[in-house]
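Chemist: Sharing a structure here in structure tokens format.
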Amino acid sequence: MNIQKHATTITPLDKYNQELLNNVHPSDWINPTPAELYDLVVIGAGTAGLVTAKGAGGLGLGLKVALIEKHLMGGDCLNVGCVPSKCLIRSSRAVADMRDAGSLGVIPPEEIKIHFPTVMARMRQVRTKISPVDSAMSAKKVGVDVFFGEASFTSNDTLTVKGQTLRFKKAVIATGARAVKPQIQGLESAGYLTNETVFSLTELPPRLAVIGGGPIGCELAQSFQRLGSQVTLFHRGNHILNKEDNEAAEIVQQALIKDGIRLILACQMSGVEKTAEGKIIHFSCNGKSESIVVDEILAGAGRQPNVESLNLEAVGVEYDPRKGVIVNDNLQTSNPKIYAAGDICMNWKFTHAADAAARIVLKNTLFSPFGFGKYKLSDLVMPWVTYTHPEIAHVGMYEEEAQAKGIDCNTIKIDFDDVDRALADGETEGFLKIFHKKGSDEILGATIVASHAGEMISEVTTAIVHKIGLSKMSSVIHPYPTQAEAIKKAADTYRRTLLTENTKKLLGILTKFS
Ligand SMILES: Cc1cc2nc3c(=O)[nH]c(=O)nc-3n(C[C@H](O)[C@H](O)[C@H](O)COP(=O)(O)OP(=O)(O)OC[C@H]3O[C@@H](n4cnc5c(N)ncnc54)[C@H](O)[C@@H]3O)c2cc1C
Ligand SMILES: NC(=O)c1ccc[n+]([C@@H]2O[C@H](COP(=O)([O-])OP(=O)(O)OC[C@H]3O[C@@H](n4cnc5c(N)ncnc54)[C@H](O)[C@@H]3O)[C@@H](O)[C@H]2O)c1
């Protein structure tokens, strides 16, 4: 494979992208001669694969570890996912800050000028700066044999890559997922963008349609709208971000509308035609047929697991073409020698989830003699953040989820317009909800909608992981004024519920004698 092939998703080939490719798929890379037998062969060098392979190789135990990547080390997150999207989000927030500065007494310019090529060049620069940690050399340095090429199982203990056979004691499938192709007549021939191509744009599409109101669709729709595109967001459901708390999703929905996005909910897209004026999208909404013309279409309509080329049948690994490789709670597949981690097998499709799963796989493949002491996926407390503006962050259970499990749950809600720093910042849209066990201070979960909700959720995650209840949280001093004081306020609200008539009487007596 040469640099040109990988340039299909990594364009333009400027100095940043060339350096990125030199790190994540060097054109002069020569695959090593395979060892006689590998302790661990890992397929896919995204987050899950890199953490597994480098974790095993870096232990200094002399383990033989191979890592196989068909495209770009770093996978989606570095190249076409988290990293580039967050760079675009940063630029788009700068636009919104300028736009809204009037309310702070700072008069914005008549026209906010956005230089889209510079926005994208900055993104490429940042991505390249981050790339050495995911590079082929970084894995080689910790003793991992890195092979570029597509891996395919050939027998219960072998697989091939570019004509070479690798024998393994254990294997890990970490091949991730890709964008689902929406089944809309004419879309394929009209052409559309996905997360694999959108970050290669060098010119802003004046009119952009986004298919799907999930995290990808919402984050990118808001960014492109703020950067100057007229975005139309098509979503099947009645409101966007339907996996999130309804009230939280509603706040973000209103923010997208305020940004000027045309939101088409509960829609059916019936066809796309390419014409001289642009791409015409035909759709129906509430029984009414309509059409719009756009310059580009971006699909963010869900993910599909990369299972096809692995020849999983040869090794008896069960999979579902839509959900991916089937694993048990220890991340072991139906073949006991083969494990999986990351987007290929998990509902939690997040980089930090892939990282956490890889650590479980490391333990379970290498340090669980006779299957003892295996770690479980279900033991993880998983936070996540959707980086719209405002952000939605969540951890643990929702109220309905707790109730469905037969746990009586109370919700404490703090609105950010009761938080001094949020008022000072002019960022009062949003709330914190903490779900706790009824009659107890045990935290079950939390949802935060706020400008920097993602920076706040880890405090609640720490509390859940280390079983710190709301009473103890209320004794933690939070600097004034910070938006994270919302968490302290929630904890104090809980403490106040402990003040029964009897405790009040007792306190009254104590004050008399003090
Ligand atoms: C636009 C976008 C934004 C995102 N933003 C965030 C975010 O902000 N925060 C967050 O936590 N998550 C985010 N995600 C999700 C995150 O990127 C994924 O959850 C994460 O990358 C999963 O890692 P992985 O290792 O499982 O898979 P991947 O990163 O997909 O890596 C799999 C690797 O396997 C390789 N491969 C596939 N088949 C083979 C084969 N047969 N042989 C050899 N190699 C193979 C692929 O080329 C790829 O490099 C985002 C995703 C997208 C698309
Ligand atoms: N901040 C983050 O952590 C982050 C950011 C982006 C992506 N991700 C991960 O990537 C995963 C995939 O994200 P996603 O947004 O592609 O998927 P998703 O499945 O979460 O959302 C896609 C949405 O598109 C809708 N849809 C599908 N086809 C449609 C059509 N033809 N017309 C209208 N609507 C349609 C679906 O109903 C669905 O709600 C997420 O589950 C998330 O875990 C995470």
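If you go along the chain as it appears here, the first residue is 1 and each next one adds 1.
Note that Cβ sites are derived from N, Cα and C of the backbone, with glycine treated the same way.
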Chemist: Based on TrEMBL, name the residue from Gly143, Gly302, Gly316 that is recorded for the same NAD(+) site as Gly212, Gly213, Gly214, Pro215, Ile216, Gly217, Cys218, Glu219.
Modeler: Gly302
Chemist: Cys77 forms a disulfide with which residue in TrEMBL, given the options Cys82, Cys87?
Modeler: Cys82
Chemist: If you count other CB atoms within 10 A of each CB, which of Cys77, Cys82, Ile216, Cys218 wins among these recorded positions?
Modeler: Cys218
Chemist: Can you tell me how far the Cα of Gly212 (NAD(+) binding site) sits from the Cα of Cys82 (disulfide bond), in Å?
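Modeler: If we compare the Cα positions of Gly212 (NAD(+) binding site) and Cys82 (disulfide bond), the gap is 17 Å.
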Chemist: Should we count any of the recorded positions Cys77, Cys82, Lys86, Ile216, Cys218, Asp343 as near ligand 2, judged by a CB under 6 A from one of its atoms, and which?
Modeler: Ile216
Chemist: When the domain 'Pyridine nucleotide-disulphide oxidoreductase dimerisation' (382-491) is classified with DSSP, how many of its residues are helical, how many are strand and how many are coil?
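Modeler: With helix first, then strand, then coil, the domain 'Pyridine nucleotide-disulphide oxidoreductase dimerisation' (382-491) has 40 helix, 31 strand, 39 coil.
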Chemist: Which recorded positions of Cys77, Cys82, Gly214, Ile216, Gly302, Asp343 contact ligand 1 in the sense of C-beta under 6 Å?
Modeler: Cys77, Cys82, Ile216, Asp343
Chemist: For Cys82 (disulfide bond) and Gly302 (NAD(+) binding site), determine the Cα separation and express it in whole Å.
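Modeler: Here the two Cα atoms are 15 Å apart.
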Chemist: Taking the centroid of the Cβ atoms of Gly212, Gly213, Gly214, Pro215, Ile216, Gly217, Cys218, Glu219, Gly302 (NAD(+) site), which other same-chain residues have Cβ within 8 Å of it?
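Modeler: For the NAD(+) site the neighbour list reads Val210, Leu220, Ala221, Ile240, Leu241, Gly300, Ala301.
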